[in-house]
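J.: Once you've had a glance at the structure underneath, I'll fire off some questions.
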């Protein structure tokens, strides 16, 4: 369909149809019950399927390469044998695997075809000082007027046409001035950024656009005849093209957001207006690789293609790869005979023409275009970001690997048409801007999708807190609110709980029997057609139930979602093998390619989307754990919610890292040479560093407590600051905002202070927002300078080149975007001297070739800002980053202002750069380093948290097996200790919520237990360290303790006692060291006449024991400096929740923990119904 790229006649009857039946199994991934949908994401929150999706995409691409190669081979063989290519028969033939040689030959034919289009000529030149000719097209001599039989007027009547021959110096083919341009271009780091060069033939002085790019063996020069001999066209033409693009881009940017269709409709209108083609379309690739025309602008008498769908093979994978390398592809005349490229026999393979603007279309594609009535075409790639970044890829001919081909803008013309390179260059800029705008719209849609996923996760947790599993269908919200469906059902313990439009109970039992027989080895199934999935009773269900998603919870419990019949009308470009189709299917005819017929899909529902299946999968995982724990006799689902949803343990381990970050940041803020201040939630100052005090004349003591809005800023900044505060307190952080601060005391006479600030939300350790911090940069000096510049006050050149450090980096542009000023500060910042850049194009040469940018999108954004400024539209604080001469990455804010004569006529633009100070950059770098380190730790902990569950299940299972064997008394005691330790660890993993411990809402699971078993479990957990450190363990535990029973949360008590004891073991002196355990029971009589058991624990060691900072951390509620201290602090709080308390006591010769724990007696607890 996209005629500029089609390289095979491929037409797949089944490989890419959106209406194809979709049903997928859910295959078991681990013994723990984790599952993932084949081909989809299996993550609990909708985000776990990225890797699977990428793998599936690669798999599809590989499969399509194979099919492309097979059909290409059939087409080539038919041409060689003189037989016509039987289009229909080739499609119907059973697919046979293509050999590696066949695929390699196919790719070589596409990328190294050895022919070009005749509207220009191609040279390949050695990339060295010799400029040796490695290859040339057969028409080179004719186009350059170098053939001996040519009689063309020449500036030099004695000139003799130099021969076009392999090994000759390519510079001799062109005028001396053109040769100099080529030499300069060959020396450039990124040669493609200089395109097009304006060069002339040596003999006739005929002008050409020279489009250069590097390949593996040298430099390819595509020469396209130009239409005028104006020597200024080299610059003026490029600038005019940019202006055309910027004008269209400005109209795109003015469109309202949130409407991708309007954006696409506008693009096709602009492109048709720019290029004059008969038809312009936006062609979008769907996830299954098939294409759809989503927007169209055409001549009135042409047949519309809007809404047509085309198979994935219509745009072969090889062509898609070419579009990623060369974003714009023009075919001037599909009937024109291709021109052969003659190359040096020493070259080991045909010349690579991937980046050539003249590369000839494949014969099959030319036939395809002719059959459909399209003689000329222009196809442009629409590239969007798929995540990630690429700091080094800046060539216009290539793109970062993190980018993906979203679709194409396709232009068709019914007669030969060739548009000049500068206009194609403008279209390329427009496509880059379209991709950026489209990317923002898609990101917005993605954010809305993420919000929906978060709402779904909340819904899952709410469901899990229900008292009974049946609550998910009997209460509101129910499982029908989870995904879009017409009905849902739960089959639980042999009972059927339906909601909405569902099968009858007899039918559901029949479906379960079918699932068990045909899909018993899976953990679920999703299909948009039960009939196509093979269910024999589908006809009896009728249109009411067509699609179904099912999740297996246990071998006998199921969750179902149902969708009713939806008739889908699919217009498909290229008729499928329809029995009534009498058209000639043996050739690539427009009837078989473009006259779409209506296909009504019956007995099929809307497909189940990946996000919907992720939500179903999450509920399946949680309910499976819930049902399993219910079977084991544990409590309701709340513990599972804490274990699955809240990763509180990550907070515990991460606080140590964050504390060090906080200490370092406080030091940096206090000593920073940039203004930094902070406010609380009421907008009152609670932070004011030395630099802002110096600038404003207001000391730290005087500033504390003052209102930022009412006391410290000018009235014109009030609205801005109020908005900043409001957004930051909600978590929305704004950057690069200018505010105007008042001055006080001696500084007051100097006038206001202008500061560019970033607003950062300040959070406490529980992640609650408690204020706002402003990190600023004083731009008062730059502000004064810019005002003088804009108003042409004084001698601006004296200001530009003043070495005063207050003068910011400044450069200027003339009306043609050529650099006209480059001050001392710019020389120091970039490493490029004024003489090296003045007179060069700022877009492409200065920024692009000298100062490298991150990629083509960055170049496009800079071009838009510069042209807007020249046109009278100023830009402030535009983020602008580049690499200096030494490769150092520079981040700045660009302000561009119109440069005008006294009469108001615009003659260019002044550009100012604002650079963060080294101290602030260092602070941010330290912060980024620590945040990266913390994030890495968090990922490690998340991995450990998830993976520790499987071995725990193994230990539990092994213990259960041992319990069923004949054991001796001591062996049974060992088993009881092992089981107690395993259950303690399981509880820590499940109930990892620090917040519930902090606010006292932790649910204690109380029951009767043996204190002797607790002490055995506690001691067992420290024995290895005791032995490793060669410490003596002294046990002072009365026999009555060993036999005593108590009532409480056994495993939390174990956790607390073990942590305190282990701390003594860690810090006991190694030489002649010992650790003592002393336990004393007491009976406490209460005022209500009841008795409680009072247990006194003492864990002691000789010497000082714990370091002071750990003891301090243990009794702190918010500030911690050690990991051990955090653990002890948490245990102290758990102990307090259980009614106990702890003291740490240092005596002259020993140190010890003194722990008091009061517990009810089991009999009295039972009589009171304590829970």
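Each Cβ is built from the backbone N, Cα and C atoms, and glycine gets one as well.
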J.: Do you know which of 1-53, 54-106 Swiss-Prot annotates as region 'Disordered'?
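T.: Comparing 1-53, 54-106 with Swiss-Prot, region 'Disordered' matches 1-53.
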J.: In the domain 'PAS 2' (795-866), how many residues does DSSP call helix, how many strand, and how many coil?
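T.: Counts, helix then strand then coil: 27 helix, 14 strand, 31 coil.
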J.: What average pLDDT is reported by the model for the domain 'Histidine kinase' (943-1161)?
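T.: In the predicted model, the domain 'Histidine kinase' (943-1161) has a mean pLDDT of 81.
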J.: By DSSP assignment, list the helix, strand and coil residue numbers for the domain 'PAS 1' (661-732), in that order.
T.: 42 helix, 12 strand, 18 coil
